[in-house]
Amino acid sequence: AQTSDSFLVMRFFQGVGAACCYVVAFAILRDTLDDQKRAKVLSMLNGITCSIPVLAPVIGNLIMIYFPWPVLFTAMAIMGLLIGLTACFVL
């Protein structure tokens, strides 16, 4: 970001986007699964969601050890693209 104001605005939109993903996932599960299966899937989803903050710094550090720092953004873009494609074709 060129200024701290633009950084904060973009960070706000990033947070909104991240929050939307979680809400949409729950809505899709509510609409497509029965109660018993939804409970199992939500438990798995919550377990994954809780483990991400632990694993993300480790994976980021491994990327930083072997590659220059801009590769982090490339890796995030690739993961976002893969998740988007998976959502389009699986859902």
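Cβ from N, Cα, C; glycine included.
Here is what TrEMBL records for this protein:
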DOMAIN    1-91  domain 'Major facilitator superfamily (MFS) profile'
TRANSMEM  12-29  transmembrane segment
TRANSMEM  41-65  transmembrane segment
TRANSMEM  71-90  transmembrane segment
Handout entry: Positions whose Cβ lies under 8 angstroms from the transmembrane segment (12-29), at least six residues beyond its ends
Key = 38, 41-42, 45, 49, 91
Completion exercise
With the cut-off at Cβ under 8 Å and a gap of six or more residues from its ends, the chain residues touching the transmembrane segment (71-90) are 60, 63-64
Completion exercise
Mean per-residue pLDDT in the domain 'Major facilitator superfamily (MFS) profile' (1-91) works out to 90
Fill in the blank from the handout: Lying 6 or more residues past either end of the transmembrane segment (41-65) yet within Cβ distance under 8 Å of it, the residues of that chain are 22, 25-26, 29, 33, 71-72, 75
Handout entry: Secondary structure content of the domain 'Major facilitator superfamily (MFS) profile' (1-91), with strand meaning DSSP E or B
Key = 82 helix, 0 strand, 9 coil
